[in-house]
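*Asks:* Among the features that TrEMBL reports, domain 'ABC transmembrane type-1' is placed at B:15-203. Summarising the annotation, TrEMBL assigns transmembrane segment to B:15-39, B:51-71, B:77-98, B:140-162, B:182-205.
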Amino acid sequence: MTVMEHLQALAGGIGTTVTLTLAAFGVGAVAGFPLALARRSSQWWLRLPALAVIEVLRAIPPLVWLFIVFYVIGADFPLMTPFQAAVAGLGLIAAAYLAEIYRAGLDAVPDGQWEAASATGIGTLTTYRKVVLPQAALIVVPPAATYLIALLKDSAVASVVGTTDITFLAFQEARVTLEGFEVFVIAAALYLALSAPVALVARTADRLISRRLGL
Amino acid sequence: MSTWIELFPDLLPGLWVTIKLTLLALGLGLPCGVVLAGLSAAPSRWVRWPVIVVVEIGRGVPGLIVLYLVYRGLPQVDVVLSAFLSAGVGLAFSTAAYTAEIIRAGIAAVPVGHREAARALSLSPLQEFRLVVLPQALRTVIAPLVGFSIILYQGTSLAYAISVPELLSRAYNAASITFQFGAALTLAGAMYAVVSLTATALAGARSRERVL
């Protein structure tokens, strides 16, 4: 078997890996926001549960979460596909990590900005929309991009419950051709190639922020 | 809760394998990480560049792919390791790459003035490293290293995929015999969480990065 033939066998999984990663990131990006706000709340009954949820989500391995979603929660949803289970499981973990990234972004907006907004009496919603979020959004990009790469790598665990991503197809190809060494090296190269553009975005955003802050 | 108590003795040997795997990967990987960090600051780019490439590959490839490569790829070139050793070597490779980056950053954080002062006092390069750079770098490096160890501890669950009888495998096997997937998997999750959270709390290592 040539490298080209192996590559063709794995190529069918690229779409699944990318969709899975982006879908889980999307779930996390949306669910992480209220979690971050609750985590920063001055009310203990919002802050403490949010803290507990974030810590527990991050303290258990992704593969274990995936198993809990697929085998335990999935028992009540017999139509759930491995792909959906993976999106839900990885999305939950992504919510916790992105919540912490959002929180750091909100914390990075100087106190004076919050105080000025509150002094002008524009209300909480307008404060977030017009003052805080435009500043926090840019700060959040580099760590969020770094996390997206981590999530891309984590997405490989979805193959264990049968999602037909790059890793799953590599596993099959290695078993059929008995050329595991070449096959997994090619799979590794595919993951590196997928993460390269995201790394570029992170670096560019980092430079942009440094310039804006006059560093 | 009563099923948790019944299942606990079944899962405990798995926890022991998980801890042994974590220590093996740290024991093999951390010294390699220190060497890689040292080499990544080498004056010759013929040394520096290959080291940077190895570190970036180690950090960029999914842990699961590395484990498969060691367990299912290396036998093809006549390197046959047991499942446990394959997992240890694979995780050690990732560990070396991540710790190399952590230690490199720790060394880079030591102010240049301190190195210049060491040289002005005519300390030898080894003395400069041992007496001036290392004690300061160690302090900044400890928290991220503990954070990484916790992530590594969680990462050992990947060894399930190459049938190492670690915590997750034990839980899955117990569940497939008794069909108590809910109890077995949540107990395994709790056992991961208790160790992770305790280690985090003890080390005060709040900032963690998702890695393996």
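Using N, Cα and C of the backbone, Cβ positions are placed for all residues, glycine too.
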*Asks:* Are the transmembrane segment (B:51-71) and the transmembrane segment (B:182-205) close, by which I mean at least 3 Cβ pairs under 8 Å that are 6+ residues apart in sequence?
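*Replies:* Between the transmembrane segment (B:182-205) and the transmembrane segment (B:51-71), which are separate recorded stretches, there is no contact, as judged by 3 or more close Cβ pairs.
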*Asks:* At a C-beta cut-off of under 8 Å, are there same-chain residues at least 6 beyond the transmembrane segment (B:15-39) that contact it? List them, or none.
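*Replies:* Distant contacts of the transmembrane segment (B:15-39): 47-48, 51, 54-55, 84, 87-89, 91-104, 107, 145, 149, 152-153, 156-157, 159, 164-167, 170, 191, 195.
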*Asks:* Which residues, given as numbers and ranges, are at least 6 beyond the ends of the transmembrane segment (B:140-162) yet have a Cβ under 8 Å from it?
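*Replies:* Contacts with the transmembrane segment (B:140-162): 18-19, 21-22, 25-26, 30, 63-64, 67-68, 71-72, 83-84, 86-87, 91, 94-95, 98-99, 102-103, 105-106, 109, 168-169, 172, 192, 195-196, 199-200, 203-205, 207-212.
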